[in-house]
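Participant: For 140, 150, 170, 172, 233-244, the entry in TrEMBL reads substrate binding site. Summarising the annotation, TrEMBL assigns active site, nucleophile to 242.
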């Protein structure tokens with residue numbers, strides 16, 4: 001175990017991670033979030049484990065003598081087995097958050113979720129003050145923009161201070177499996193928190209992200225524009241404008257209608273009405289663990305539910321996520 005940045009820890013294996021409890025899991029996505037600590041280190045840690053997606057290369061590698069099968073049952077034409085592949089074919093996407101704050105831990109706990117219809121007045125009086133006072137640090141974003149970290153991962157960069165952005169793989173993507181392709185375009189400007197800040201003057205920026213992002217992805221990965229889902233989140237996972245690029249056939253987390261807004265639609269809305277996102281009512285979801293949820297309850301805009309819902313979060317960048 002060694003330090004890899006000012007605060008981060010780089011692990012060679014998981015022997016130093018001490019499990020405290022499972023925060024939540026998602027059986028359908030083969031994803032689990034675990035709270036724990038690092039042996040010999042102060043503070044909490046969160047470990048995120050996710051089975052990697054299959055592709056043709058992986059399947060070909062599995063079809064060898066190294067993949068041991070243990071039979072479960074045989075019935076006529078059908079048989080099932082538990083497969084134990086070799087080390088290279090059994091990789092698990094692993095993310096460590098350390099030191100993890102209480103907000104990180106609450107983020108990954110099982111939660112009851114509610115939907116908010118955010119009017120401009122609600123944004124001005126409730127959401128915006130919360131954003132300004134409660135957001136996580138986005139220093140890790142600035143580290144990428146200033147080439148202090150993840151330089152080797154940069155797929156494309158336009159360095160223009162007004163129109164430019166950096167295109168990097170999302171942490172949920174292994175950078176290789178095209179079927180789960182997931183990249184983020186992070187703008188160089190630091191004055192746009194979310195789509196609520198967008199007006200007609202930002203159309204050149206949005207169109208530049210769309211045009212150059214599509215071109216860069218096609219050139220590097222061979223994925224066509226018609227095969228891409230390009231969108232922004234609201235509420236976003238962190239308050240520095242960024243655009244998501246995912247493979248259309250990939251059921252990416254966070255593409256639900258109460259959160260994802262297609263970039264093409266965002267551009268069209270602003271072209272129709274320059275201050276559309278200052279006037280529109282925009283839905284988003286909140287969990288009962290979010291301090292913003294308590295504010296809505298205090299003001300009588302939400303009622304607390306007695307039903308426990310399973311709403312596992314996504315293994316996003318090391319960032320705040322209200323869902």
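Each Cβ is built from the backbone N, Cα and C atoms, and glycine gets one as well.
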Participant: Would you mind reading off the Cα separation of residue 233 (substrate binding site) from residue 242 (active site, nucleophile), to the nearest angstrom?
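Facilitator: One finds 9 Å between the Cα atoms of these residues.
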Participant: For residue 243 (substrate binding site), which residues of its chain lie six or more apart in sequence with Cβ-Cβ distance below 8 Å?
Facilitator: 165, 184, 185, 206, 209, 210, 213, 230, 231, 232, 263
Participant: Just to verify a number: CA distance, residue 235 (substrate binding site) to the residue listed as 'active site, nucleophile', in angstrom, no decimals.
Facilitator: 12
Participant: How many Å separate the Cα atoms of residue 140 (substrate binding site) and residue 242 (active site, nucleophile)?
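Facilitator: If we compare the Cα positions of residue 140 (substrate binding site) and residue 242 (active site, nucleophile), the gap is 13 Å.
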Participant: Have a look around residue 242 (active site, nucleophile) and count the other CB atoms within 10 A of its CB, chains all included.
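Facilitator: Summing over all protein chains shown, residue 242 (active site, nucleophile) has 24 other Cβ atoms within 10 Å.
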